[in-house]
Amino acid sequence: MEELNRLTWDRAALPVALQHAAKGWGVPGSDSAPVVADPRSGPIEALGPALGVDLEPVGLPYAAARRRLDRVTRAVVQLDDRDEPRFLVIIAARGARLQVLAPGRQRRWITRQALARRLCAVLEEPHRDEVDRFLEHARVAPARRAKAAAMLMMDRIGARMVTGIWLVRTPVSASLPRQLRDGRGAIALAALPACHAVQYLLMLAAWWVVGRALLGDGITAAWLAVWVLLLISRIPFAAAVRYLQGAVAIQLGGFLKRRLLAGVLQLEPETMRSLGVGRLYGRVMDAEALESQAVSGGVPALLSIVELVLAALVLYQTGPLLPLVLIAWLGITAVLVRRLWLRRQTWTDKRLAMTHDMVEHMVGYRTRLAQQPLHDLHREEDAALADYHEGSVAMDRATLLVLTLVPRGWLLVGTAAFALLFVGTGSAVGTTAAALGGILLVWQALGRLTTGCASIITAAIAAARIRDLYRAGSMPHDPVAGAALAEATPVAPREGTPLLEAARLGFAYNGRRPLLRDCHFAVNQGDLILLEGGSGSGKSTLVSLLAGMRRQNAGLLFLNGYDARAMTPTRRRRAVVAVPQFHQNHLFTGTFLFNLLIGCAWPPQVADEERALTLCKELGLDTVLDRMPARERQRVGETGWQLSHGERARVFLARALLQRPDIVVLDESLAALDAENKERTLQCVLRHAKTLILVAHR
């Protein structure tokens with residue numbers, strides 16, 4: 001234990017330790033130390049953005065902590081000490097050992113087992129005496145005592161979480177080359193064509209041996225042994241190609257999903273609303289198509305290019321005619337592929353438009369059934385299907401030409417060129433065999449290339465449609481903004497400064513007439529404000545501006561005396577949290593506790609869970625928990641335990657209160673409650689909210 005303590009850093013020195021570690025990781029822009037308002041407090045994960053990394057807090061179940069620690073390679077681990085927390089900075093891993101950065105920039109090795117024992121000891125300590133007394137009373141043999149103690153500990157605290165671990169990850173906004181480098185995907189991507197080329201050359205060598213034996217003295221034991229050895233040598237390279245294909249596919253697919261999710265979270269609310277459910281579902285389909293087709297088509301196409309180059313080299317040995325014919329045929333192939341591209345793009349437009357209409361009609365089916373004449377109910381769908389059928393026929397014809405004409409046509413063209421070149425000329429047998437072999441190799445490569453091109457076209461069309469999401473998720477890292485995120489605690493308002501102040505605030509939707517103009521107001525600590533207005537008067541728009549869900553077109557908004565636009569989302573949410581209208585809020589598929597603490601740190605500490613359950617009791621949700629078999633661990637959402645509108649409204653309200661912001665904004669959030677629960681809920685809000693803005697209809 002003392003040995004580990006000598007390798008740790010205190011909280012004040014942790015930013016410097018992470019800066020040195022980031023240099024060792026090769027993180028760009030990590031030369032400047034992070035700016036921290038108070039290095040002795042605040043969340044550890046707030047130190048990451050300034051260094052170009054993400055520090056993701058994770059919790060490991062005690063029962064699986066030792067097994068999962070085997071996967072840790074870069075992390076920050078908190079070791080509880082009697083005086084103050086100490087931190088271990090893990091910078092690399094090798095087998096069962098971890099390399100840590102010690103004070104003085106020294107690098108030392110520790111075992112994973114030693115770290116696991118230290119982390120689990122925090123949970124085991126309160127139960128250790130009891131377990132020892134039990135084993136002593138049961139007279140367990142000394143040889144079996146360690147195993148019995150471990151089983152008793154597992155029974156008592158197996159479900160408890162080992163916390164204080166922050167995994168160091170590459171930010172999703174980082175470039176693809178850095179993602180591949182940090183995830184070791186660059187090595188796999190470079191090794192893939194190399195292994196395939198070696199495998200292909202071994203195959204060519206094997207057939208060369210067969211041809212040499214047949215055209216020479218015949219097949220002898222020596223030639224047969226060489227041929228068998230060459231075939232056996234291909235096996236490890238073929239296996240490596242399969243493995244590397246899977247590794248590249250997993251890393252690229254994971255990166256794409258994370259980047260697109262980050263992009264979706266960056267979209268403006270109005271953009272999401274204008275897209276509609278159908279088009280958003282179409283984006284999901286495009287993302288799936290990009291991931292599956294880019295990998296399934298891109299990798300084979302890349303490998304087929306390697307085969308095509310090697311086959312062209314074989315043809316070059318026979319003279320210039322066959323390589324020139326191959327170049328001309330590749331030009332024809334390019335024309336056919338472009339034609340397929342255009343046809344498939346048109347077909348995709350029709351398919352996604354039909355998907356959007358179908359989803360919209362499904363959502364509004366009850367209205368259509370009640371209002372639309374029955375004889376017109378499917379007229380639009382029939383017209384869309386007919387148009388889609390025409391596009392499908394045109395695309396299938398273009399696909400057929402590419403997949404069948406290109407490889408089989410090459411056999412005809414290549415054979416005709418071969419006949420002109422070799423028939424009746426008395427060419428050497430070896431040259432003739434090389435020409436025939438080269439033609440067959442090109443035919444095989446073109447078959448794989450055209451199949452891959454069809455998948456690449458699908459992926460490219462899908463990529464064009466989700467390009468805005470990809471770009472939104474790849475916002476470049478700003479060291480200054482990242483340093484701002486490292487503010488440890490909310491900055492207290494200056495003397496006499498309002499919590500929130502608006503000056504000449506204005507907002508308009510997409511260049512329309514301003515909905516808000518020259519708004520001036522201030523909110524001070526402890527204020528209880530009622531905001532009333534008619535429908536469409538801009539109440540919800542103002543709430544979205546205060547909560548940071550939209551940006552104003554004009555004017556300034558100050559939080560604690562600081563310009564809100566210069567604040568990070570984390571800091572802003574500590575200042576203002578809004579509870580949107582019922583139909584704009586959502587209950588996620590997950591546990592009841594997760595939905596309560598979605599705005600707090602996850603996994604939660606025991607104190608966070610207790611605070612959440614206490615608040616549920618104040619809001620009257622304890623009766624709901626009593627009905628659930630798993631109580632707060634019960635799965636809720638679309639596919640879980642169904643909550644009523646009033647119960648959902650109170651869960652949404654509890655989310656906001658558990659974040660303990662400076663200002664709570666309720667945007668008609670109590671409308672789904674009956675009179676009794678509304679009074680009870682309002683009293684709870686008044687007890688917990690420091691400052692309250694209540695929005696209601698006039």
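Here the Cβ of each residue, glycine as well, is placed from N, Cα and C on the backbone.
Remember, predicted model here, so these are calculated numbers, not experimental data.
Here TrEMBL flags 186-210 (among others) as transmembrane segment.
Long-range contacts of the transmembrane segment (222-244) within the same chain, counting only residues at least 6 positions beyond its ends with a Cβ under 8 Å from a Cβ of the stretch, are 188-189, 191-192, 195-196, 198-199, 202-203, 205-206, 209-210, 212-213, 303. Per TrEMBL, the feature transmembrane segment maps to 222-244 (among others).
The domain 'ABC transmembrane type-1' annotation in TrEMBL covers 223-363.
The transmembrane segment annotation in TrEMBL covers 294-315 (among others).
Positions annotated as transmembrane segment by TrEMBL: 321-341 (among others).
The transmembrane segment feature in TrEMBL is assigned to 410-443 (among others).
Among the features that TrEMBL reports, transmembrane segment is placed at 449-466 (among others). Beyond its flanks by at least six residues, the transmembrane segment (449-466) meets 260, 263, 282-283, 286-287, 289-290, 293-294, 296-302, 304-305, 308, 333, 337, 340-341, 344-345, 348, 352, 399, 402-403, 406-407 of its own chain at Cβ-Cβ distances under 8 Å.
Per TrEMBL, the feature domain 'ABC transporter' maps to 500-697.
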Residue distribution over DSSP helix, strand and coil in the domain 'ABC transmembrane type-1' (223-363): 135 helix, 0 strand, 6 coil
